[in-house]
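Chemist: Quick paste from Swiss-Prot:
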- 38-273: domain 'AB hydrolase-1' (DOMAIN)
- Ser114: site 'Transition state stabilizer' (SITE)
- His267: active site, proton acceptor (ACT_SITE)
Amino acid sequence: MSYQPQTEAATSRFLNVEEAGKTLRIHFNDCGQGDETVVLLHGSGPGATGWANFSRNIDPLVEAGYRVILLDCPGWGKSDSIVNSGSRSDLNARILKSVVDQLDIAKIHLLGNSMGGHSSVAFTLNWPERVGKLVLMGGGTGGMSLFTPMPTEGIKRLNQLYRQPTIENLKLMMDIFVFDTSDLTDALFEARLNNMLSRRDHLENFVKSLEANPKQFPDFGPRLAEIKAQTLIVWGRNDRFVPMDAGLRLLSGIAGSELHIFRDCGHWAQWEHADAFNQLVLNFLARP
């Protein structure tokens, strides 16, 4: 029987999660039926979702025999919105912990992009026994860069888009989001803009969260040595959102880690170099 590609609608699920005395309705996609589970955590861009972030990576993982969970973090996608005044990544980690507990999944491999990478580190530091392998892609430690002024130009444009969600600002952000912009079609811009504007509460609450606590992503650098999981770090040589030296900091801090850098690549390695990225990850996950 030939493989049937996964669809967003067929894999869409919801669970209720208790957080700080409130009940949040959390959306995720549940794909495949493998014995091992890979959780994919998206970045913090306006309009981001688990499915949109990893659309080019889901089928290869499922076809290789993995169960794949794509979480919409609170404040993104179809999940409930929230104003967060603490560590955003620890919040995301707690939400994920509740979801995998309710799904009765004992151990997961974590693959996180940008904010999702930082959240994956938070989850691993809090519940190391629940993590198999770790893939961190363009997700920094929360610390400062040695070579690039902070915030980076990418983060400045991202924050501008949150405050003024227009097609012009979206194109300004995406223009430096990827290295080769020729794949950025009008249809992609339209879909992303519609995604953003359909949940203005997410946009407004992200800005309120930054005002309540500008340091949403604390520096995990001093704790990286606690991570014992085998870790694959992936970066774009031309990333203008999270500087490449953040990847070197992860490599230095996590003993069981290795770093792969894609040339001609921005902040979205899993999309810009999908075939090579998928093979890299599958080979890493298959290793003993």
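Each residue's number is its place along the chain shown, starting with 1.
Glycine too: its Cβ is placed from the backbone N, Cα and C atoms.
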Chemist: Name, in the order they occur in the sequence, the residues of the same chain whose CB lies under 8 A from the CB of Ser114 (site 'Transition state stabilizer') and which sit 6 or more residues away.
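Modeler: The list for Ser114 (site 'Transition state stabilizer') reads His42, Gly43, Ser44, Gly45, Met137, Gly138, Gly139, Phe241, Val242, His267, given in order along the sequence.
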Chemist: Between 0 and 100, where does the mean pLDDT of the domain 'AB hydrolase-1' (38-273) sit?
Modeler: 97
